[in-house]
Amino acid sequence: MAFTNYSSLNRAQLTFEYLHTNSTTHEFLFGALAELVDNARDADATRIDIYAERREDLRGGFMLCFLDDGAGMDPSDAASVIQFGKSAKRTPESTQIGQYGNGLKSGSMRIGKDFILFTKKEDTMTCLFLSRTFHEEEGIDEVIVPLPTWNARTREPITDNVEKFAIETELVYKYSPFHTEEQVMNQFMKIPGNSGTLVIIFNLKLMDNGEPELDIISNPKDIQMAETSPEGTKPERRSFRAYAAVLYIDPRMRIFIHGHKVQTKRLSCCLYKPRMYKYTSSRFKTRAEQEVKKAEHVARIAEEKAREAESKARTLEVRMGGDLTRDSRVMLRQVQNTAITLRREADVKKRIKDAKQRALKEPKELNFVFGVNIEHRDLDGMFIYNCSRLIKMYEKVGPQLEGGMACGGVVGVVDVPYLVLEPTHNKQDFADAKEYRHLLRAMGEHLAQYWKDIAIAQRGIIKFWDEFGYLSANWNQPPSSELRFKRRRAMEIPTTIQCDLCLKWRTLPFQLSSVETDYPDTWVCSMNPDPEQDRCEASEQKQKVPLGTLKKDPKTQEEKQKQLTEKIRQQQEKLEALQKTTPIRSQADLKKLPLEVTTRPIEEPVRRPQRPRSPPLPAVIKNAPSRPPSIQTPRPSTQLRKTSVISLPKPPTTAARGETSTSRLLQPTEAPRKPANPPIKTVPRPTPPVHTPPLSLIPSSKSLREVPAQKAIKTPVVKKPEPPVKQSVATSGRKRSLAVSDEEEAEEEAEKRRERCKRGKLAVKEEKKEANELSDSAGEDHPAELRKAQKDKGLHVEVRVNREWYTGRVTAVEVGKNAVRWKVKFDYVPTDTTPRDRWVEKGSEDVRLMKPPSPEHQSPDTQQEGGEEEEAMVARQAVALPEPSTSDGLPIEPDTTATSPSHETIDLLVQILRNCLRYFLPPSFPISKKELSVMNSEELISFPLKEYFKQYEVGLQNLCHSYQSRADSRAKASEESLRTSEKKLRETEEKLQKLRTNIVALLQKVQEDIDINTDDELDAYIEDLITKGD
């Protein structure tokens, strides 16, 4: 269908109310001002002036102006400014700050109601006027932006429509502060040179007391936040001069506020004992994955276009046949050239896609720089930049979160590129919160290492700060202003200043006379006392920062025990929370629920299965209290251990409660049998409080304590043919130890809990709409149907959204009374307006299955992820078999009809596993081969395979590194030997040539008529003389 046919269709409209809505993204007012400074920096400006002009007739009493000498804009560039979201800077390799095409509009509208922009480029002068006042007074709902243009030399209008130009200038004269053409031209004349931009914001926003939010009166050299107390507020939160000084990690643009230069800083040059740490991680993949998906999408479209053009060229060539007329050849040549061009473009797009796919697997490297702020020790924390622009400041990490003196006064600096972390629209945070927390955690670890490396704590923290003049016990008090302390601080941190002409940074040598010297705003290289750096032509010297290394200390047994105790406490809190749940049997019970409670607890473990945890470490098992020998019974060698499930029985009768006063016991069976009816989950009547072990601490005996919870807990239990014993004896020493999970698994667990909490709040609203579909029983859904529906997880499907089909994967399944719903997470979403996931009904017209890709077309990460999901599903199905339902906790006879593998097969598999583990056992593994040889199947189930694989890979890598280093040393030795031999060869050839020259000279003295021109002639002549002599 031709594009012209779309002219009658509806289009998205941008109302002028969106101007205000868009501006609310800037909670931090200085962030809005920084957006306009960023635009000047991206335009390669060397200077920007920020100043206020008094205009009492305007709201706020003054206009705020931003004048730079950057590249400026021509009319087409200025027209793209008013297109929200359009940016020419959005490339993965871009080092420019602007990426979203929104900063000028959102920043200016946050400061005031109206702004007018004057820009010059080459021979054009363009004015852009965006006014909410104009829209309000004219009653216009859509956004209208006048954009008149003049010739820079003749000042004549540049337009094809004189009437349109007249309307645009009339609006500018009526609603802007400049009411005549002369006043408008005067603004253009303020722009120095042939290019630059002037942005004027007026009708500023006011506070509740009628005063503007920006204070330009208290300090004539600064722009401050109105009504902000200096006490307890960081300088950058109160003073725009202080904020602009650290806004860029490597400032290359001069910033003037009210005509006074901002002394910009390179933070790494302002710290005591700076040290750099290189950090490499493969966790930062979100932005890179987005770029890969975009590149794949673009490459696929380019490939389709190229194939279509090639097909068209072949068809035309066949159809023309023997037609050799000139017009036919020209037409054929044009089609073929188009096909060749499109094929080249497709090849380029494919190479870009392949490069991005390779880059996705490469670990990202960041440089952490830490140092001590001895000038203001209370101003400490992490400064995190993105593409050299400050995003977060004073972020506390690691030991600083504890609030003590450890790591106090330390400042960290890191510059994160776009491909690692992407900032939010207001550039005050990062879009991916999970990866940002991972970055902070890594900086915390390196901060602790830096604190050890500089050894301040070993010398004494108080003594260290006393040396630099911090004599007060109050941490926030400034240092002493005595001259000796000022000199002491100045000796440790050399002065680094920027030249006003070449914009290069120069480090000045220390001089006692310059301790209290204030350098002028127009400092230049010729004022440098260093003779090697006293001219602008001299190259800039890089700061020499020592390189540090992160050394991870192994955890002590005490730390492991402490983490284990904390894990047990958390599990007990979960158990207590589960005991407080109430069943839902009718709509009356549903109405009694608080709003944040979901009414689908039964589907919860099926819809969101927990990721299997790591098994406990054998070292922890050995340190656990052993079972008393008096109650141990010999274990038959042929006894087969099986896993069973704790299921919840019906409420006990009075007689049964008398028999089990503190808890009800279940006797596990040899083989699991399916109950006749699915168990209805209820809460038992109140019983006296009892100390209950956590869910994962299940005694490995025949008597098991039932957990009175709303959810059916599925936990593998090891059975032994021991006679029943008293509860107090059975629980005395048989608690299984928990393995301490690593930090990343704990973080993922916390993420899942928060996500479930959010989904729980939404589930209540959905349940109220579907309340009429609830039955009187909470357990109507059959578990078999639920398990069958869960097999749909991981399916690759296509979903239709807004008449477009998008590929994705089923991540969750919800079984209703009448239908099954899939939650599909999309692989690639082209715009921010399309959701990243969506609930669809299975079998509807908006969803269809997609043929799964073959293994060779999947990336290693995809194959690994799919393998993990498949293993997790198999494990869940193996554990999810229900146990025979028992009444009132009475023991039942084991089912001997169930099929089971032979004991010899089990023992053979255990022996094979032991042999494999012994064969590949790492050298420094805590479990020896001797201990491994006597492990039984229960201990092998708890074997720490994750740590085993990790140490094996480390050992293998060390072995490879040793071979590599040995090969490298041999190669270096061979290269050195080769260079020596080549040197000797050259020396010998030079001696031979010199000898031949002397022989020729000697022969010419003896016989003047000898004519020898080449070395071969000389050799032949000498050989002939020797032959004649003989």
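Each Cβ is built from the backbone N, Cα and C atoms, and glycine gets one as well.
Keep in mind that what you see is a predicted model, and the values were worked out from it rather than measured.
What Swiss-Prot records for ALA2 is N-acetylalanine, and it gives similarity to another entry as the kind of evidence.
For GLY103 (ATP binding site), the same-chain residues that are 6 or more apart in sequence and have a Cβ closer than 8 Å to its Cβ are GLU35, LEU36, ASP38, ASN39, LYS427. Classification of GLY103 (ATP binding site) by DSSP places it within a helix. For ASN39, SER87, ALA88, LYS89, GLN99, TYR100, GLY101, ASN102, GLY103, LEU104, LYS105, LYS427, the entry in Swiss-Prot reads ATP binding site.
As annotated by Swiss-Prot, zinc finger applies to 490-544.
Taken from Swiss-Prot, the feature Zn(2+) binding site applies to CYS499, CYS502, CYS525, CYS536, supported by sequence analysis. Mapped onto three states, the DSSP output places CYS536 (Zn(2+) binding site) in coil. Shown in sequence order, CYS499, LEU501, CYS502, LYS504, VAL524, CYS525 are the residues of the chain, 6+ apart in sequence, with a C-beta less than 8 angstroms from the C-beta of CYS536 (Zn(2+) binding site).
Among the features that Swiss-Prot reports, phosphoserine is placed at SER614 (among others).
The annotation compositional bias 'Polar residues' is assigned in Swiss-Prot to 629-646 (among others).
According to Swiss-Prot, the phosphoserine annotation covers SER703 (among others), on the basis of similarity to another entry.
Look at Swiss-Prot and you will find SER728 (among others) tagged as phosphoserine, backed by similarity to another entry.
Annotated phosphothreonine per Swiss-Prot: THR731 (among others), in sequence order, evidence recorded as similarity to another entry.
Annotation comment: Swiss-Prot describes SER737 (among others) as phosphoserine, evidence class a large-scale study or a structure entry.
Per Swiss-Prot, phosphoserine is recorded for SER741 (among others).
Annotation source Swiss-Prot lists phosphoserine at SER775 (among others).
What Swiss-Prot records for SER777 (among others) is phosphoserine.
The feature phosphothreonine is assigned by Swiss-Prot to THR834 (among others), with a large-scale study or a structure entry given as support.
The phosphoserine annotation in Swiss-Prot covers SER854 (among others) and rests on a large-scale study or a structure entry.
Under the heading compositional bias 'Polar residues', Swiss-Prot lists 856-865 (among others).
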Residue distribution over DSSP helix, strand and coil in the zinc finger (490-544): 12 helix, 6 strand, 37 coil
Near-site residues: Zn(2+), ref CYS499, CYS502, CYS525, CYS536, CB cutoff 8 A to centroid: ASP500, LEU501, LEU503, LYS504, ARG506, VAL524, SER526, ARG535, ALA538
Segment confidence, the zinc finger (490-544), expressed as mean pLDDT: 89
